[in-house]
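Student: So TrEMBL lists the following for this protein:
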TRANSMEM  A:23-49  transmembrane segment
TRANSMEM  A:61-80  transmembrane segment
TRANSMEM  A:101-125  transmembrane segment
TRANSMEM  A:137-156  transmembrane segment
TRANSMEM  A:163-183  transmembrane segment
TRANSMEM  A:203-225  transmembrane segment
TRANSMEM  A:274-292  transmembrane segment
TRANSMEM  A:304-327  transmembrane segment
TRANSMEM  A:348-368  transmembrane segment
TRANSMEM  A:374-398  transmembrane segment
TRANSMEM  A:419-438  transmembrane segment
TRANSMEM  A:444-462  transmembrane segment
Amino acid sequence: MIKHFINLEWKSFFRSAAFQTNLVLKIFMALGALYFIGIFTLAGVGAYFGLEKAGLEPLETVNRFMIYYVILDLVIKYMLQKMPVVNIKPLLLLPFKKAKIVDFALGKTMLSFFNIVHAFFFIPFSVVLIGQGYDPVHVITWHLGMLAMIYINNFINVFLNDAMPLVIGLASIIIGMGALQYYGIFDVTPYTGAYFQGLFEQLWMFAIPVVLALGLYKVAHAYFLKRLYLDQGLSAKAKVATTENLDWLDRFGKTALFLKNDIKLIKRNKRSKTTVIMSVVFLFYGLLFFTGGIESYDNPFMKIFAGIFVTGGFLFSFGQFVPSWDSSYYPLMMTQNISYEEYLKSKWMLVVIAAGISTILGLGYLYFGWEAYAAVFVGGIYNMGVNGHVVLWGGAYIKTPIDLTSNKKAFGDSSSFNVKTLLITMPKLLLPIALYAIGHFTLGPVFGYALIALAGVAGFAFRDFMFKKIIGIYKTEKYKTIAAYKQKN
Amino acid sequence: MIHIHDLSKTYNGVTVLKIDELHIPKGESFGLVGNNGAGKTTLFSALLDLIQPTTGYIQNGEAKVNESEAWKSHTASFIDESFIIGYLTAEEYFYFIGELRGQNKADVDKLLAGFEDFFNDEILGKRKYLRDLSKGNMKKVGIVATLIGNPEVVILDEPFANLDPTTQIRLKGIIKKLAAETGITVLVSSHDLMHVTEVCERIVVLEKGSVVNDIKTSEATLKELEAYFSKEKPLVE
């Protein structure tokens, strides 16, 4: 029976429009995955020797900070891990046992990259531990305990799909705990560290997380088994419609019509709402760079990178997928009396306004000196002037339909922000860094900043020209796009 | 109004649509029938420039649909749910379409008032997004939306499917009135021979992408069509 499921998945994967049109993207994703695997492996091997060199007991230190690792894992899983969409509805009528269908769906989550990747940290780390004379039996039980912790997260994530507040809560807890520890007010790690250390010292203790993980599996299984009905777990929740008055937007003329629609689109669909949250998260991304916390990030080029990211969160996560946001009613748009220019201008205005707001909110980076904010500021200008067009242009080629109305439960396709988005973003970052480098090595950093800003302003000046080009592409891609959007999922 | 010339569509060497010449005069109510795969939706999609014809062209009004976009201002259509914006309420959707067609809220409200019966109190003022409506109700919204802004050509693919009997009867009334009183050119496809013969002055039968019959509707038409399709039955050659 499992054979059938796997067969179906295989086909749906390789026959999807997205797969066939975005082979380059797949290659990028594979490279990205390899990168992370490499990082984790290095961390696994390096953690032991690095900590030892720093004069700390490696295992104990790892255990102390394990709580952050585990919570971070959960948050990342929520943000990035797409819940697998098994085409469940048609299966219900076929002679599959319902329990099998649920098993398969849950089993699919277990094989996710976001679980597997941890193996690349824990296995090398454990091997090094044994190599360094730690008791193999204890290392293995500790290892199993950790594995169980990762899977506990996996099953919690299955339930979490509709619980944004909970996740924000978790993220705040981790930030709060980190801050308290950093300022020496309260340190939670000795308590949680004792638990993780216990997993190593007490042979029996690994049974706790293992039993918990198994228990969660059972609960998740029972939960979905009970809800495997069209009007329960598999139905979309109908929310009471709210209407809002957006007439103040009318000052933007004909563009306002689309602008109003786009705002409704963002407000009323979970996928688009997540992109807004992501852009807020991006605002804080710069902290990694400007605080000097990470050594390899502490150079002017990476700061430009940060500037682009801080101000471009919405631009990348939303703009990237124009026109896919309208994929479910694209034929309507194509048969109505719509000019591409007004349609695109509305999306362009949205991303530019969002980049502008981010640039203003980024003023907080002044705390780290004027150079930090200069990077954010020119990044913002570049995003508004150049990347605003580039994302719309790139969007014409991304023909992945976005199912706004998709089932928002665990079996639905839930998170909007995925690895794909991150990867296609790369080229848009390299040009400003190159521009900066040219300035940096000729007349100095200020000239570098000026070059980026200049490029941004030039982008504005060529707006109409850029729009004409982009519209041309949208027109030539029209039929292909319609055909690809027809393919749901 | 609509002129089809030497139109064909081929997918991977299989011709799914081939119409040498077809002329639909202004104000005609035109019915399209044919079995599954006969090319009805393909023809409508080509009419709306949603697919690119392999050869030939379609002229709607003055313009060839794949060259100019002038036809969009006088043509309204409802093919399937992809013509519905799921996250809007029915009113918002109507106003949106209205604005695209140069109608203000008052104009739209006036038009909608005439469809109170048709909506059967299930559409307006319901505080429901369109995505949460049943298929039948979505269809009602889509069909009425095509009438906003005085179009000259209305294209409806399978308008009777999914509708309840009462609504089907009301829809027939609406379509008949459109062609008879307002001079709108209406193109309808359907599997229901009875409905089409009732509302259309002219019926074209498609088979494997070609026009096999072009009938001016009369008393005898229904019988003629039924005879044709029942003869067709042994499709296994």
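From the backbone N, Cα and C atoms, a Cβ is placed for every residue, glycine too.
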Student: Which sequence-distant residues neighbour the transmembrane segment (A:203-225)? Criterion: at least 6 residues beyond either end, Cβ under 8 Å.
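Tutor: Sequence-remote neighbours of the transmembrane segment (A:203-225) are 98-99, 102-103, 105-106, 137-138, 141-142, 144-145, 148-149, 151-152, 155-156, 158-159, 233, 410-411.
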Student: Kindly say whether the transmembrane segment (A:274-292) and the transmembrane segment (A:348-368) touch, using the definition of 3 or more Cβ pairs under 8 Å where each pair is 6 or more positions apart.
Tutor: yes
Student: Same-chain Cβ contacts of the transmembrane segment (A:304-327) under 8 Å, 6 or more residues past its ends?
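Tutor: Sequence-remote neighbours of the transmembrane segment (A:304-327) are 262, 265-266, 272, 275-276, 278-283, 285-286, 288-290, 297, 333, 343-344, 347, 350-351, 354-355, 358-359, 362, 365, 375-380, 382-383, 387-388, 391-392, 394-396, 398-404, 416-417, 421, 424-425, 428-429, 432-433, 436, 448, 452, 474, 481, 485.
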Student: Does the chain bring the transmembrane segment (A:61-80) near the transmembrane segment (A:137-156), so that three or more CB pairs sit under 8 Å (pairs 6 or more apart in sequence)?
Tutor: yes
Student: Go through the chain and flag residues at least 6 beyond the ends of the transmembrane segment (A:348-368) whose CB is under 8 A from any CB in it; none is fine as an answer.
Tutor: 252, 255, 259, 262, 279, 282-283, 286, 290-291, 310-315, 318-319, 375-377, 379-381, 383-384, 387-389, 391-392, 467
